[in-house]
Amino acid sequence: MAFNIRVAPYNPDGWGPPDSPVIPLLPRSDGSTTGGGAASHIPFAPFSRSDKLGRIADWTRNTNFTNPPRSGAGRDAVFDFALDDSAAVAAAAENDSSFRLVDGKPPPRPKFGPRWRFQQRPLLPQRRDEEVEARKREAEKERARRDRQYNLNRSSVAGGGGQGPNRRDAPTLKSSVDIQPEWTMLDQIPFSTFSKLSFSVPDPPEDLLFCGALEFYDKSFDRVNPKNDRRLERFKTRNFFEVTTTDDPVIRRFANEDKAAVFATDAILSALMCAPRSVYSWDIVIQRVGNKLFFDKRDGSQLDLLSVNETSSEVLPEAKEDINSAHSLAVEATYINQNFSQQVLLRDGNKVTFDEPNPFASEGEEIASVAYRYRRWKLDQDTYLIARCEVHSVADVRGQRGFLTLNALNEFDSKYSGVDWRQKLETQRGAVLATELKNNANKLAKWTAQALLAGADLMKLGYVSRVHPRDHFNHVILSVIGHKPKDFAAQINLNTSNMWGIVKSIVDLCMKLNEGKYVLVKDPMKPQVRIYEVPVDAFENDYMEEPLPEEEQVRPPTEDEAADTVAENRTEGEAIDVEVGAEEEDANKDASDSIA
C-alpha cells in the first residue's frame, strides 16, 4: 500500500496559500479520486470572526423533522446554518398556542430554607474552628470600621469635640460656669501636653499640722457580702464641711507666716492631677495675691459632687428631674458617700484627737469623723505648696495605727453597667472593679490621688446599691474592699510623677500672671482647659453674671439655667421624682442637708 504525498500549492504572489486554492483530491466510493466539484455536496457557510457560531447539529431548525426524509437531502438541511429562522419561529409559535397557563403564582419557598443546607456534610472540627475564628475576625474588623466612622462623623458634627470613650448619641455637655463678656482668655492647654509632663517631689512631704478627731474603723464590714448585706443608715445630725482654700483659717495663718507660696486643698489638687481623665466640665478659681497663689473652688462648684458614669459609653438621661440623670446621680452619690463614711465606724465614743480641733466646727456641734492633715511639698528651690488633706478613720495596720480614706461606689441600675453586683461581687469581683474603672475612671483616680496626698495607709471602697432600681432613697452595702493607695494607683495606671508634673506646669504658668483673679475651666466638649482673666469681684455675692451672647462664645453654648443660684441648684437636686413611700420628703431633705 503506497503512501502518496500531496502536492502543496505554490503561491508566487506572497506568503500562504493562493487566493484560489486547489481542491485536494477526494476519494470516491468506487476507489477513484476527484477534485473540484466533488466537494460541493458538503454544506459550508462562510463566516467571519465576529459572527457567533451556531450549534454543530441543530435539529430544531429542520421544519421537516417530524417527517424525516429517507434520502440524504434532509441531512443536508440539518447542517444548513444559513437557513432562515422564520420557519422555526412559526413552528414554535404554533406549539406554544396549544399550551394554557393554569397558575401564575411563584412556587412556595421552603419553610426552613433550601434543602441542601441540611444535607451538607459536616466539616471537620479543626476546619469548623478556623472558619468560626475567621468570621469573628471579620466581624471585629467591621465593628472597628463602624466605630471609626462614627467617631469621624461625631467629630465633624461637634466641630472636632469628640473625646474620651465612644459616647454614642451623647447630649451636648454643658460648661460648669458661664463665660462672661468681660473675661479675657489668656491660654488654652490641650490634655495631650499633660501626658508628657513629669516632676518628682520629695517623699514623704512635711506635716505641718493635724486638726480634728477620728473614729476607728469597724472591721465587721469587711465580712459584708451580697448575701449578708447591711442597710445604709442616714446620719442627720453629723455635719460635713466643704470649705474652700481662702476660707480656711489655718491656711490663712500659714500664708501670713510665709510658710509657702501656693495653697490648695486635696480635692482641687486631685482635679488638676486627674484632669486628662475628666469628661464633664469643671472650674477652679485662681487668685494671685503678691507672690502667692490660692487655688479655690466656687460655692456650689461641680467639685463638691461626685460624678457617676462620667467615662461610660452609655448615655444618661438629660432631664435633671430624672433619677438617673447625671445631676441627680451626682447628688445621690455624694449623699451615699457621706453616710457610708460614717456608718463603717465604731461609734463607741473612742476617738483619736490631734493637735487642734476641727477648724470649721462650732462649739457643741456634732461633726463627722474627719481629720485635716496640712502637708507641705517642695516644688522648686523657692516655691513650696501647702495642701489641706483629709483622712476619715484610723485602724490597726500591721500592728501600727494607720489612716484610712472611706469612699463608696454606687450601683443605680445594672442595665447601664451590664454587671449585676449582687451576682458578680462574690464570684467575679475583678470584673466588677474593671467595669467601675471603665465607667468612673476620673472619680476613682481622684480618690486615689487624695489618698496619696493625705498619706493614707489604706483606702476602703464600699459597694453600695439601691434596694430597687427605681428607689433612689434606700440603699444597701454589699461589700467593702480595701486597697493600698500606691498599689491601686499602679493598677489603674496613675503615674505620680505625671500628676505632679501637671500641677507644676499650672503653677509655673500662673506665677507668670499679674496680680488678680483667674479661672481655669475644663472645656465641656474638647479635651483641654482654658485660663480666663476675670474681675476681682467675680463669683462674689454682689457679682451679677450675664451669659455671653452665643455668637461670641468660644465654646459650645451653655443652657439657660447655668447661672442659677446655689439654692436653686440644691432645689433641683432634691426634685427627683420617684415615689418610694412616706419617708420620701424626709430622706430628700436629709440628702440636701448633709451636702450643705
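Note: Cβ is positioned from N, Cα and C throughout, glycine not excepted.
Automatic, uncurated: that is what TrEMBL annotation is.
When TrEMBL is compared with the stretches 302-316, 407-421, 512-526, the one noted as region 'RNA gate' is 302-316. The stretch that TrEMBL tags with region 'Disordered', taken from the ranges 337-388, 545-596, is 545-596. In the region 'RNA gate' (302-316), helix, strand and coil residues by DSSP number 3 helix, 0 strand, 12 coil. Summarised as a single figure, the pLDDT of the region 'RNA gate' (302-316) averages 88.
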